[in-house]
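Have a look at the structure below, then the notes.
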């Protein structure tokens, strides 16, 4: 966790260039930045995966990236023992099987808020857009502009919501065949590697902490007050009816003492 002892102003940021706006955090020899910083690839082999993270830390924003998938993780995360994290993970199985999109919201180091989905297209065949809107009211997960999940800020229920810790964008590709591939039943076939995921058109319409003093310029951005309207809620419900495969809010075996508080009021 990054601790700030003074109140700092906000600056609107539009991160678009992988060379200028992101750092390689591990497996740098397995990362390629192409097309003048507009395209980045992460690769995984039997020895190592690879990862990058944003130079800036954000508190609220609209984060979008176009991905052509292999297994990898795309998250917003803070640091420290009581960290916050917003997860968009993609779990592969056998070649030809559908991907599982795994979402989670972690606040103060506590998660257990997983929802999982199948996709209605082949995410390996072409680029698709994955987005997160995170504002003081709600977190919304989107696939190609279609909302698949919302996590509301329910102040009245005292459910923790990530609203005080700045986060970086993290993305990685790594071997998770001990748990992610049908519970670890399917192991990675390294003869088909290396496995490569491609990223382009990444954007962070967001705010970062900056030194000095000033006004709050993000108030005019539409994402800052964004909530799902009736047509968007209908699309979300359609996705959850047809493509959701796991929802912690109905898992009574996992929570025999009672479902989490937010499950009564959030989708």
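Glycine too: its Cβ is placed from the backbone N, Cα and C atoms.
Annotated features, as they stand in TrEMBL:
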- 1-15: signal peptide (SIGNAL)
- 8-199: domain 'GH16' (DOMAIN)
- 85: active site, nucleophile (ACT_SITE)
- 89: active site, proton donor (ACT_SITE)
- 93: N-linked glycosylation site (CARBOHYD)
Considering every residue in the domain 'GH16' (8-199), what is the mean pLDDT value?
83
With every protein chain in view, what's the tally of Cβ atoms within 10 Å of the Cβ of residue 85 (active site, nucleophile), excluding that atom itself?
19
